[in-house]
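Report on the following structure.
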Ligand code: NAD
């Protein structure tokens, strides 16, 4: 299969392992997950039929703490994708030094085709199928593509019913009413914003003159675009699964207005609309492929994996790429970007704000505390900034790219935990 994300993940692992002379037995441990769970979930559909949905949970490594990772509902979710995402969670938690291992879950489904009742049945079915392997000290799921706090609320409720007691720390990304953390929804985007702020200092860019293009307008893409716009960056292109828009004047657009127009009209492509006022003269419809190749300072893929490949990497004109999606760049594309001297801030650092605030949520649930939003974002800031500095430092010291530096740092931490546990 072309651009298999698990093969990409293993290529990244081997590259970093070589640079730090990782002991062969540790590399062998990390070449496979601890546990793969898969099943079919039956759902009684609204039309009376019963449909079976393919579901996964991959628990990759728990040397540093309980397994931790989101659940994706997507038509192309398959085992190799879930394995890759689970592996990247292991690396990511070690990059920001939160005491978790890594896991990931998925269901092969087009969630937009389900009614709310069917979606809830499916979400509860996933929990019933894997409940014995989940829990605050075992494995803690969270939202990912096409899952959200509402779904986490249903799942946490189902887990409580199966376990016989309410255990809020078993899921993160929950609604606030069920013990969710303030700031969790915006956390991944906020973390990405902090990374961009640190990056432009290193690149000597001025934010008022820095242009940004963001692919993906979901939880992650929206918040990172909004925070950059609010801070004075020019967000000149945005897209979702149906296409995108480009601000031809390089002025930058307000993601809140674009979101309003998307909600009203169901599309962000075509024109730029603030309320009912649409400007089709200064804003141009573009495709997702065009967005990636635009002349901007910072390109932010925030949708799905494998969008920057050997086929299009040579045409990318951005000075830097900040990977908010997981796995957007294939190893072949990475090599081309390295040759072109395009700085790539890897996913395992750029989008780690989400799991960091999930960790804060888990801590609050375990201690019965409820922190204010400002406190949460204040605690996130030094973690993102210090992680960025550490990885930048390793990259300079070892003369390696930022991804390999992030993996090298993470692998050292994971290896230390594996060794400390003994054999
Ligand atoms: P989401 O479901 O909220 O949004 C996904 C967005 O991607 C939507 O706007 C959708 O229209 C768009 N999209 C889907 N297919 C597309 C395509 N082919 N081209 C362009 N856009 C497309 O999901 P999310 O939570 O924002 O996740 C986005 C990425 O960020 C994923 O790679 C996810 O793994 C990663 N991530 C999410 C979190 C989190 O906290 N939610 C944390 C870390 C990483």
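Any Cβ shown, glycine's included, is placed from N, Cα and C.
Secondary structure at residue 92 (substrate binding site), as computed by DSSP, is helix. According to TrEMBL, the substrate binding site annotation covers 68, 92, 358.
Under the heading active site, proton donor, TrEMBL lists 104. Cβ neighbour count for residue 104 (active site, proton donor) (all protein chains, 10 Å cutoff from its Cβ): 31.
Residue density at residue 144 (site 'Important for catalysis'): 24 other Cβ atoms are found within 10 A of its Cβ, drawing on all protein chains shown. The site 'Important for catalysis' annotation in TrEMBL covers 144.
Taking a C-beta cut-off of under 8 angstroms and a sequence separation of 6 or more, residue 219 (NAD(+) binding site) has the following same-chain neighbours: 143, 148, 185, 188, 189. Feature annotation from TrEMBL assigns NAD(+) binding site to 188, 219.
Checked against ligand 1, the recorded positions 92, 104, 144, 188, 219, 358 give 144, 188, 219 as the ones with a Cβ under 6 Å from it, listed in sequence order.
Compute the center of the Cβ atoms of 68, 92, 358, which mark the site for substrate; besides them, the chain residues with Cβ within 8 Å of that center are 69, 70, 89, 93, 98, 100, 102, 142, 352, 354, 355, 356, 359.
In the three-state DSSP assignment, the secondary structure recorded for residue 144 (site 'Important for catalysis') is coil. Residues near residue 358 (substrate binding site) in space but far in sequence (CB under 8 A, at least 6 apart, same chain), listed by position: 68, 140, 142, 172, 173, 181, 184, 187. Cα separation, residue 144 (site 'Important for catalysis') to residue 104 (active site, proton donor), rounded: 9 Å.
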